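The transmembrane segment feature in TrEMBL is assigned to B:7-26, B:32-55, B:86-105, B:161-180, B:210-236, B:248-272, B:284-306.
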Amino acid sequence: MSLILNILIDGVAYGMILFMISVGLSVTMGLMRVINLAHGGFAMLGGVVAHVLMSEAGVGYVPAALLGIAATVALAWPLERLIYRRIYGFGDLQQVLATIGLTFLMIATVNRLQGSTLLALPLPGGLAQSVDLGFRTLPLHRIVVIGVGVAVIIGLWLLIDRTRFGIRLRAAVDNRATAGAIGINTGLIYSATFCLGAGLAALGGILGAEMLPIEAYYPLRYMVLFLVVVAVGGMGSFAGSFAAALGLGLIETASRYLVPEYGTIFYFACIIVFLAVRPKGLWGRLA
Amino acid sequence: MTRLARIPFAAEALLVLVVIAAFFAFPYNLAFVTRILIMVLFVLSIDLVLGFAGIATLGQAAMYGTGAYAAGLFAVHVTAAPLPGLVVGMVAGAILAVVSGLVLMRTKGLTLIMLTIAVAQICHEIANKARDVTGGADGLRGIRMEPVLGLFEFDFIGRTAYWYVAVVVFVVFLALRRLAAAPLGLSLRGIHESPERMTAIGAPVYRRQVLAYTLGGGIAGIAGALAAQVTQLVSLEVYSFTLSAEALIMLILGGTGRLWGAIVGTVLFMTVHHVAASADPFNWLFLIGFLVLGVVFFLPGGMIRLPAALMRLGRRS
């Protein structure tokens with residue numbers, strides 16, 4: 001019983017992290033049709049900035065995290081304007097290559113400034129504690145992660161479903177030429193969405209540092225993890241990304257607890273079988 | 001290049017001359033030149049899969065690594081004769097390619113790219129877990145090769161290894177040139193240009209793609225087997241994502257679909273990598289990153305298009 005609860009809590013928390021990092025990737029793929037392999041780099045950059053602020057400037061966890069996210073967004077904006085804008089029109093392969101090149105540059109930058117060691121993001125005393133639920137105790141960090149994840153999902157749903165920006169975004173995803181023709185500034189939508197995705201990735205990177213430790217090779221190491229969420233969820237679908245992230249988080253955590261020896265093999269085998277049966281993912285509109 | 005192309009086999013003869021010249025030009029770096037040659041073979045296999053058939057892959061290392069492990073295990077447990085080892089490596093790579101290809105070729109775009117990465121990761125995981133067979137993270141050791149054809153002993157400075165690898169790479173290169181001109185090669189090009197139209201004129205697109213992926217897997221298997229035999233070691237690195245990604249970069253750097261691009265790109269990338277990494281072991285990734293971005297943005301056809309691009313530039317000014 002306690003094993004099942006452990007799997008549930010860890011799996012859901014892990015899934016929330018995967019969702020926060022991958023949702024931006026899914027939307028940029030659905031909206032701009034760009035395969036952005038450098039997306040994990042934004043999660044790393046958020047973590048690195050937060051690490052530097054905490055270890056060298058003595059800033060607290062929450063302000064450091066917020067500043068890390070802000071710094072990532074501040075970097076994503078010019079990057080989208082100057083580089084990604086040109087990549088949109090490329091073929092699949094050219095996109096893959098250009099974004100691998102960017103990934104290499106991000107890795108090299110972090111490697112140069114911070115070295116290739118693990119960059120710790122120590123949790124503040126309060127977060128590292130456990131909470132007593134009466135029948136058992138749980139690490140508070142996991143609960144905070146789940147709480148933030150739920151808040152992000154509700155926030156995104158409100159943004160997409162209830163605001164004018166959301167309507168325009170959905171219009172641009174469905175058909176960007178028509179959306180542009182009726183006077184929607186798609187260029188601005190692209191930039192804003194890209195930055196939102198990068199910011200959420202930074203949030204996920206910082207909160208998830210316990211599970212996916214921040215280091216220079218982070219974007220390459222976990223790239224497949226994030227791509228899997230997008231492919232399984234279906235490109236351009238928020239609900240798909242969420243369901244996929246949660247499901248994959250649970251499957252991976254469960255296979256780690258139950259068959260630790262063959263966890264990774266089992267996990268990838270599941271994904272290959274699933275995608276062979278449904279090449280477009282759960283709710284994918286684009287293949 | 002265009003004038004050369006009119007004389008039959010002039011380009012191939014030039015290649016042979018370069019290989020011979022390299023042997024005398026770099027007597028103390030033969031191991032490195034041999035590594036370039038093996039990499040050329042590996043990149044050629046990607047050119048067949050990607051440049052010809054248009055199958056985007058970032059997991060070609062799966063077949064390379066499987067070929068390497070198969071040849072290594074064959075040398076340790078069965079016989080240490082090199083040529084049978086090559087055949088074993090090729091068959092192992094082709095088998096993995098056909099099995100995974102039957103599933104992978106049903107998908108396209110991002111899903112395909114991601115699944116190719118996933119296959120390589122599964123292989124990595126299996127090789128890591130099967131410690132008793134593969135040596136796990138310590139690598140597969142104890143490969144001692146017998147002389148090639150029973151005549152040419154592998155020597156300490158790698159002269160035999162160099163010629164052995166050079167001959168194998170050249171033979172595969174000629175076979176690929178032949179394939180490019182054959183109906184199968186043309187049909188693969190057609191699939192690359194437009195799968196829908198090829199389906200419309202009755203070509204079995206899915207089966208051709210699986211076939212191309214299998215052939216590419218066999219060639220990657222040969223490359224892996226060569227690496228295992230020459231270095232006498234197989235480590236988990238053979239399955240690494242970096243290997244697949246770097247090989248893809250080499251191919252794009254040179255130019256896809258022309259076979260020559262694979263050679264030009266590999267030599268260029270490996271040389272830059274070698275020089276930059278020995279000059280500054282920590283920051284060479286910057287150089288590679290800028291190189292990749294530069295080619296993608298300014299030279300989409302690859303280095304092989306550089307003379308034409310320069311000529312156009314010269315004519316304009």
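Placed from the backbone N, Cα and C atoms, the Cβ positions cover glycine too.
Values in this document were obtained by computation on a predicted structure and should not be read as measured data.
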Whether the transmembrane segment (B:161-180) meets the transmembrane segment (B:7-26): three or more C-beta pairs under 8 angstroms: yes
Same-chain residues at least 6 beyond the ends of the transmembrane segment (B:86-105) whose Cβ lies under 8 Å from its Cβ atoms: 55, 62-64, 66-71, 74, 112, 115-116, 119, 123, 168, 206, 209-210, 213-222, 224-226, 228-229
Distal contacts, the transmembrane segment (B:32-55) - CB-CB under 8 A, six or more residues away: 19, 22-23, 26, 63-64, 105, 112, 158, 161-162, 165-166, 168-169, 172-173, 176, 179-180, 185, 188-189, 191-193, 208-209, 212-213, 215-220, 222-224, 226-227, 230, 247-248, 250-251, 254, 256-259, 261-263, 265-267, 270-271, 274
Beyond the flanks of the transmembrane segment (B:210-236) by at least 6 residues, Cβ under 8 Å: 34-35, 38-39, 41-42, 44-46, 48-49, 52-53, 55, 60-61, 63-72, 75, 82, 85-86, 88-98, 101-102, 104-105, 124, 127-128, 134-137, 139-141, 143-145, 154, 158, 161, 164-165, 168, 172, 176, 179, 184, 188
